[in-house]
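What Swiss-Prot lists as N6-acetyllysine is 9. Marked as active site, for GATase activity by Swiss-Prot: 104, 190, 192. For 217-435, the entry in Swiss-Prot reads domain 'GMPS ATP-PPase'. Summarising the annotation, Swiss-Prot assigns ATP binding site to 244, 245, 246, 247, 248, 249, 250. Taken from Swiss-Prot, the feature XMP binding site covers 337, 522, 610, 685, 691, and the record attributes it to similarity to another entry.
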């Protein structure tokens with residue numbers, strides 16, 4: 001069988017696999033096609049006590065066979081199997097007698113190799129769906145005939161390859177294929193993520209029943225491994241750790257304190273001006289109780305006026321650079337993160353200089369986690385993962401330090417929930433370990449900065465589609481080309497539910513002239529927000545359903561919000577000019593304080609994984625005839641429930657969080673001067689990321 005997409009590319013693949021330095025008898029190899037969830041697959045397999053190793057997709061089949069791997073899992077990825085830049089792979093991986101599970105892109109690869117076809121269809125699936133499964137298939141043994149799974153793809157299997165049968169469907173889309181005699185299985189959905197309710201059962205079926213894994217692999221003590229790495233890397237040098245006061249940097253500092261002598265650790269907390277209310281003071285007090293001496297630096301002025309160097313343009317491939325605007329005049333989320341990251345490093349260098357330390361003898365320690373590196377496409381985590389957003393602690397400058405071996409990141413293979421467990425093992429107090437994550441750039445990335453509205457040529461058509469969806473029961477009586485498009489993107493069951501919802505409730509759905517970051521089909525999306533308002537009391541289950549449905553039909557929408565208050569008669573088509581000024585930050589800081597204070601008092605803080613509060617440049621309720629300028633802003637409450645921060649769902653009022661708690665937040669935030677409306681984010685991840693920027 002010929003090698004796919006370029007034989008020469010495989011001649012040098014395999015590396016350590018070919019020279020015999022490693023042996024993986026009984027282990028599972030995960031071939032990385034560039035999925036955002038590649039490391040999650042690895043983690044789920046290891047949770048089932050099976051050793052797993054991640055290697056490039058182009059690893060040759062003979063190398064996999066020689067090293068004794070028992071089975072192969074192929075991850076998802078952002079490419080199309082027919083794209084010119086589709087990653088190279090060896091099709092012999094399917095014919096060496098090893099059980100194979102192809103996930104998402106991996107399933108499409110498998111189907112294509114055996115003569116099936118894959119097409120880009122009008123329906124894009126991004127979110128949680130009910131699928132029907134054949135539970136007589138070995139992969140789905142023990143499951144119900146209908147299962148809840150995460151789907152995130154644009155391409156779909158069209159013609160199923162000879163020898164394979166369809167074992168799962170999402171409406172009329174193929175969601176699973178199998179060739180039981182050859183032990184080849186494909187899942188269009190993601191069994192590795194928490195949003196797939198019985199994903200662990202599916203992986204267990206593959207590992208134990210199909211591949212015959214023994215389940216004898218236990219991961220060595222994470223704490224001891226981290227301490228060993230710190231000691232080996234640092235030796236007698238000093239380590240500078242930048243403390244945000246969050247779980248990650250605190251656990252990182254506690255590990256450094258345990259691994260090294262106290263005088264080797266320089267703990268610095270930089271108040272960047274984007275902290276929450278009274279945050280810096282509480283950070284210093286909490287860490288002093290742990291015996292960690294912290295140097296607090298007020299650097300708000302340096303951050304507000306910080307700049308960085310950027311490419312001349314996104315299209316310019318030359319090494320030419322330009323100086324960015326100052327941070328307090330920057331609207332681009334990516335530029336904001338880069339400026340903040342580089343300013344952090346500059347201040348760290350200043351601290352080293354003030355303490356008369358030699359830079360070449362000092363390491364920079366960070367509490368960077370695996371999801372951070374995956375989302376910013378760092379080569380440490382994945383050679384292929386598509387960029388979703390730039391993390392403030394994974395900028396070009398820090399990558400350079402990492403290349404020089406001067407950055408130490410002992411938590412780089414941990415996910416958030418694992419860090420909490422490690423923190424408890426280290427003896428950290430529960431109030432620190434269980435606190436909600438807070439991004440390093442702080443409130444700076446929770447302000448949607450804008451000078452102009454985001455309105456592209458697709459705005460009118462998308463707005464019309466949303467009108468049809470919101471009034472579907474009436475729209476079906478008036479034939480329209482866009483109505484046919486809505487029907488083509490939905491199942492009969494979806495249309496039935498949409499009829500029911502729009503018959504019972506008076507809804508209004510429209511685009512908001514702002515954009516937020518999301519993740520769709522393993523790629524970054526930078527798309528519109530859909531707003532929904534109603535004269536009725538919100539039916540939250542129906543709203544959540546609409547939030548799942550709308551991004552499937554409108555691929556240029558990655559987030560859906562409910563707008564509290566009376567129906568929005570005239571959606572805003574302009575924005576309030578918004579930058580990172582002290583007044584804007586003070587408004588958001590107070591809104592964040594009110595919301596989190598109410599959540600803590602309710603006793604539900606532990607049930608919500610994270611709750612970003614976002615300030616948007618939107619001013620509602622203006623009479624267009626009076627030409628009143630946009631001068632107010634609106635707040636978004638983004639509740640988020642997750643086990644790994646790679647995927648997650650919003651807390652549904654009335655289920656995961658009491659309705660009265662949410663309404664109390666709305667009431668208190670509305671009292672803040674300059675606030676127009678309060679919105680509630682209904683979006684799961686994907687298609688929306690945890691943060692809005």
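In case you wondered, yes, glycine gets a Cβ from its N, Cα and C as well.
Overlay of Swiss-Prot annotations on the structure.
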{"residue": "190", "record": "active site, for GATase activity", "contacts (Cβ under 8 Å, 6+ apart)": "37, 76, 103, 104, 149, 150, 151, 152, 196, 199, 647"}
{"residue": "192", "record": "active site, for GATase activity", "contacts (Cβ under 8 Å, 6+ apart)": "37, 40, 41, 44, 103, 199, 203"}
{"residue": "244", "record": "ATP binding site", "contacts (Cβ under 8 Å, 6+ apart)": "269, 283, 367, 438, 440, 442"}
{"residue": "246", "record": "ATP binding site", "contacts (Cβ under 8 Å, 6+ apart)": "367, 435, 437, 438, 440"}
{"residue": "247", "record": "ATP binding site", "contacts (Cβ under 8 Å, 6+ apart)": "367, 416, 419, 420, 423, 432, 433, 435, 437"}
{"residue": "248", "record": "ATP binding site", "contacts (Cβ under 8 Å, 6+ apart)": "367, 368, 369, 411, 416, 419, 437"}
{"residue": "249", "record": "ATP binding site", "contacts (Cβ under 8 Å, 6+ apart)": "241, 242, 243, 366, 367"}
{"residue": "250", "record": "ATP binding site", "contacts (Cβ under 8 Å, 6+ apart)": "243, 287, 290, 367, 423, 428, 432"}
When distances run from the Cα of residue 245 (ATP binding site) to each of the binding-site residues 337, 610, 685, 691, the nearest one: 610
Check: same-chain CB within 8 A of ATP site center, minus 244, 245, 246, 247, 248, 249, 250: 243, 251, 252, 367, 438
Other CB atoms, at most 10 A from the CB of residue 685 (XMP binding site): 23
Neighbour-count leader, CB within 10 A, binding-site residues: 245, 337, 610, 691: 337
Stretch-averaged pLDDT - the domain 'GMPS ATP-PPase' (217-435): 81
